[in-house]
Amino acid sequence: MFHRIEEALEDLKQGKVVIVCDDENRENEGDFIALAEYITPETINFMITHGRGLVCVPITEGYAERLQLEPMVAHNTDSHHTAFTVSIDHVSTTTGISAHERATTIREMLNPASKGADFNRPGHIFPLIAKEGGVLRRAGHTEAAVDLAQLCGAEPAGVICEIINEDGTMARVPDLLQCAKQFDIKMITIEDLIAYRRHHETLVTREVEITLPTDFGTFHAIGYSNSLDSKEHIALVKGDISTGDPVLVRVHSECLTGDVFGSCRCDCGPQLHAALAQIEREGKGVLLYMRQEGRGIGLLNKLRAYKLQEEGFDTVEANEKLGFPADLRDYGIGAQILKDLGLQHLRLLTNNPRKIAGLQGYDLEVIERVPLQMPAKEENKTYLQTKVNKLGHLLNL
């Protein structure tokens, strides 16, 4: 149904337009996107004729500073915090509204000699400032446009226009597919762009290495930072893992209440200890400790979920009532750490099939699933049963 990111990049490099869709739980819309560097009056005319939305120009913070583009409003109350600046027209234009003059304004924005005084305000071009980090920080069309431009090796600026149906309603995926077919345009999703970037870019940095004696044995501890969300993760390595043989690996998500306080609401603490003990017994392996508290929702939200569980909701229902998916964890950063450690073939300590799929999506091969089941307690029986029934965990209860 959708095209590959590589196909869209090739078209963009040729000055063509692509359609980019965002998540159905976000704006659930599609935009025409082109590279600002290659913009023409014909492309602008196509966008306003068949897109019918607002023509905007996503740019980096650097462009905004050079052109002295202040925020459109002092207090942004937009639900998605779309970063509009004041609208502009280049001083060489007349009304600034024609396709030709809008293209002129956009091209002059990219002119390194241009400065703030070269543009009238307000105008008919609406710059948008993309967040640093692009779609990995904010999954919006603004960031997608700048990311696509950078992936093409072009100036980091795009031209976007929302796609609206002839009857004035927003075009959804079925409408967008028809539009893409009608005009022979590549169509991609922001979700796929995120996956593409995570697959092709190195987001983790090995920061420090120490020897760490523990109650379970002595490990080589390696601390990692990541450029995606600034969270710090740690890998505990046992033995020589560079032989190319399958390595026993546990990817453990942080659980303060279980790992530190010994909470009986979950089985996290016992799983952590059992994994370390098993790796020590085998003499070779990795425990990757990921800062993904509460399946990715954070400590306070996990406690709020616990409160809802006390009111009768199960662990999945509690997450959903708080507005989160059942499992918000992302395995891309963990996969990059494992690859940095030189691992390729894993014997994965897990009861969670999604974790296997999540890691294998990043060119890691799970040779074997090694069960890690702890005895159920009265306090966590319902929790564990929900993980089986709703999250597909492989447990014998």
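Just so you know, the numbers here start at 1 and follow the chain as drawn.
Even glycines carry a Cβ here, placed using N, Cα and C.
Keep in mind that this is a model prediction, so the values were computed, not measured.
According to DSSP, D327 (active site, proton acceptor) sits in a coil region rather than a helix or strand. Annotation source Swiss-Prot lists active site, proton acceptor at D327.
Taken from Swiss-Prot, the feature active site, nucleophile covers R329, and the record attributes it to sequence analysis. Around R329 (active site, nucleophile), the same-chain residues at least 6 positions away in sequence with a Cβ under 8 Å from its Cβ are S253, M290, Q292, R295, G296, G358.
For E27, the entry in Swiss-Prot reads Mg(2+) 1 binding site, with the evidence type sequence analysis.
Take the CB of E254 (GTP binding site) and look out to 10 A: across all protein chains shown you find 19 other CB atoms. Taken from Swiss-Prot, the feature GTP binding site covers R250, V251, H252, S253, E254, Q271, E293, G294, R295, T315, T350, K355.
For C268 (Zn(2+) binding site), the number of other Cβ atoms no farther than 10 Å from its own Cβ, over all displayed protein chains, is 21. Among the features that Swiss-Prot reports, Zn(2+) binding site is placed at C255, C266, C268, with the record citing sequence analysis.
Marked as region 'DHBP synthase' by Swiss-Prot: 1-199.
Marked as region 'GTP cyclohydrolase II' by Swiss-Prot: 200-397.
As annotated by Swiss-Prot, site 'Essential for DHBP synthase activity' applies to H124 (among others), with the evidence given as sequence analysis. DSSP assigns H124 (site 'Essential for DHBP synthase activity') to a strand in the three-state reduction. In sequence order, V55, S87, D89, T95, G96, I97, E101, R102, T105 are the residues near H124 (site 'Essential for DHBP synthase activity'), counting only same-chain partners six or more apart with C-beta under 8 A.
Long-range C-beta contacts of E162 (site 'Essential for DHBP synthase activity'), restricted to its own chain and to partners at least six residues apart, with a cutoff below 8 Å, comprise E29, G30, D31, G51, R52, G53, L54, M170. Residues or ranges marked as site 'Essential for DHBP synthase activity' in Swiss-Prot: E162 (among others).
Taken together, the residues of the region 'DHBP synthase' (1-199) have an average pLDDT of 94.
In space, C255 is the closest of the recorded positions C255, C266, C268, D327 to E293 (GTP binding site), judged by Cα positions. The shortest Cα-Cα distance from E254 (GTP binding site) to any of the recorded positions (C266, C268, D327) is found for C268. D327 (active site, proton acceptor) is 14 Å away from C255 (Zn(2+) binding site) when you measure Cα to Cα.
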